[in-house]
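Structure first, then comments.
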Amino acid sequence: MGPGARLAALLAVLALGTGDPERAAARGDTFSALTSVARALAPERRLLGLLRRYLRGEEARLRDLTRFYDKVLSLHEDSTTPVANPLLAFTLIKRLQSDWRNVVHSLEASENIRALKDGYEKVEQDLPAFEDLEGAARALMRLQDVYMLNVKGLARGVFQRVTGSAITDLYSPKRLFSLTGDDCFQVGKVAYDMGDYYHAIPWLEEAVSLFRGSYGEWKTEDEASLEDALDHLAFAYFRAGNVSCALSLSREFLLYSPDNKRMARNVLKYERLLAESPNHVVAEAVIQRPNIPHLQTRDTYEGLCQTLGSQPTLYQIPSLYCSYETNSNAYLLLQPIRKEVIHLEPYIALYHDFVSDSEAQKIRELAEPWLQRSVVASGEKQLQVEYRISKSAWLKDTVDPKLVTLNHRIAALTGLDVRPPYAEYLQVVNYGIGGHYEPHFDHATSPSSPLYRMKSGNRVATFMIYLSSVEAGGATAFIYANLSVPVVRNAALFWWNLHRSGEGDSDTLHAGCPVLVGDKWVANKWIHEYGQEFRRPCSSSPED
């Protein structure tokens, strides 16, 4: 098998090849890439057009109903209206026999709503699935956890970190988008259905608070009500061990729905539990945050993400420096790259303005039709997982001349051979709502890894290009190196994954922090060991 065939085989195994656009548009994956979320605006615009036509039709129908109402009312307001008049008597009987029936069973009303329903059914297949709602809700919980966001603030559209009594504004949107009681209920219910009461309770509490404030108002788009929120919150508190709160909320529920026998039985049950063991069940239980999947480095990872890439103490280290880099290559002599060395062991460098705006845009445009849900290696299988939320596509070097130029620039800057099969095709990634990639290595850590099927060794280096900027979040966190690098538009981040001995460098454990606000795009060029023997020779020291 030739080098090119081996590379193609690897990408087929990874299930991340250039792909099929129709497969890329699978329902249930909208939340996993911001570009897919943006595409969901198109069907909603079509729905708005349908609703506008429906409203216009209903306005005309209501004007006609108002005319009919005023006409009949005027007859009833005149107490002297003589029913002895055969004309009036006839019209009265006609109204009661046919006019009112026509009004109540108006064909116009049914035609208006039928047109709206038919239009909805035509675009329904293009709408996000329930799995997208679940994914978006889990994304809000992820942001809540990693950035220590206050749920009440989020419901008001404010991104605030709360630590004890201190409140820090992480991001101030130009326009506030507040959530409704029904919005908060749906987030809480996703957690509730997973048995995750740590997240369910604050969201359901906010739902109850908002529903209380608007009780009696009817909103046609709402699926839930105050009673629904009280019901779920009461049971969540009970499962969390707080019977006192469960009882209080259940009693409030019965004020609104006194005939609910199930809730009445719950009240009796909670009262009995409190009477039997008041000291045990009155005290508010401490609810542990779930750690699924188990992540040993979670606290370090989240602490680095919370810096949002701002770590000024790094710039006090004398051995770190900035320079104009040519790598003694003629290709870069007339246009050197601005280089910022941000860590030495492992070696990590940031190259500013590595690509232009037009190049970044072109790469995004080339990749967008082929984006598919990102997967991770699990043994010899490739799986979609909750700890990696993004979509990705692979672009062959020959797809566009700009990619050829990009490869020449990477090769000139790194001094490495980036031609297939010594390097993989360019992987372009678009992150989703709260998109992230929890701590991982880029190099293979198992002999059974699909990476070895390229027959070109392990991934010796990573060259990651930021193709966009973000408003907040999305930093690249190096866990054991204890630093995070913010998203810098058009810059490229480079690091060695392997020591010169060929052993993996455990200090390169890194993560993509959740995107708080913004649309994050990156492009990865992974360079393999083979082909670099004389470009990065081995060392007698295993630590080099």
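The backbone N, Cα and C atoms fix where each Cβ goes, and this holds for glycine too.
Since we're looking at a predicted model, the values are computed, not measured.
The signal peptide feature in Swiss-Prot is assigned to 1-19; the stated evidence is sequence analysis. According to Swiss-Prot, the coiled coil annotation covers 107-131, on the basis of sequence analysis. If you look up Swiss-Prot, you'll see 227-260 marked as repeat 'TPR'. Annotation source Swiss-Prot lists N-linked glycosylation site at Asn242, Asn482, citing sequence analysis. Annotation comment: Swiss-Prot describes 422-529 as domain 'Fe2OG dioxygenase'. Among the features that Swiss-Prot reports, Fe cation binding site is placed at His440, Asp442, His510, with the record citing sequence analysis. Here Swiss-Prot flags Lys520 as 2-oxoglutarate binding site.
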Could you give the number of helix, strand and coil residues in the domain 'Fe2OG dioxygenase' (422-529) as assigned by DSSP?
8 helix, 51 strand, 49 coil
Residues of the parent chain within Cβ reach of the repeat 'TPR' (227-260), under 8 Å, 6 or more residues beyond its termini:
181, 185, 188-189, 192, 195, 197, 200-201, 204-205, 207-208, 211, 266-267, 270-271, 273-274, 281-282, 284-285, 287
When distances run from the Cα of His440 (Fe cation binding site) to each of the recorded positions Asn242, Asn482, Lys520, the nearest one:
Asn482
Which of the recorded positions Asn242, Asn482, Lys520 has its Cα closest in space to the Cα of His510 (Fe cation binding site)?
Asn482
Count of other CB atoms lying within 10 Å of the CB belonging to His440 (Fe cation binding site):
16
On a C-alpha basis, identify the one among Asn242, Asp442, Asn482 that is nearest to Lys520 (2-oxoglutarate binding site); the candidates are the recorded positions.
Asp442
Would you mind ranking the glycosylation sites Asn242, Asn482 by how many other Cβ atoms sit within 10 Å of each Cβ and giving me the lowest?
Asn482
Nearest-integer angstrom distance between the alpha carbons (Cα) of Asn242 (N-linked glycosylation site) and Asp442 (Fe cation binding site):
44
Report, as a single number, how many Cβ atoms besides its own are within 10 Å of the Cβ of the residue listed as '2-oxoglutarate binding site'.
25
Beyond the listed site residues His440, Asp442, His510, identify every same-chain residue whose Cβ lies within 8 Å of the center of their Cβ atoms for the Fe cation site.
Tyr437, Pro439, Phe441, Thr462, Thr508, Leu509, Ala511
In whole Å, how far is Asn482 (N-linked glycosylation site) from Asp442 (Fe cation binding site) when you measure between their Cα atoms?
17
Around His510 (Fe cation binding site), how many other CB atoms lie within 10 A of its CB?
28
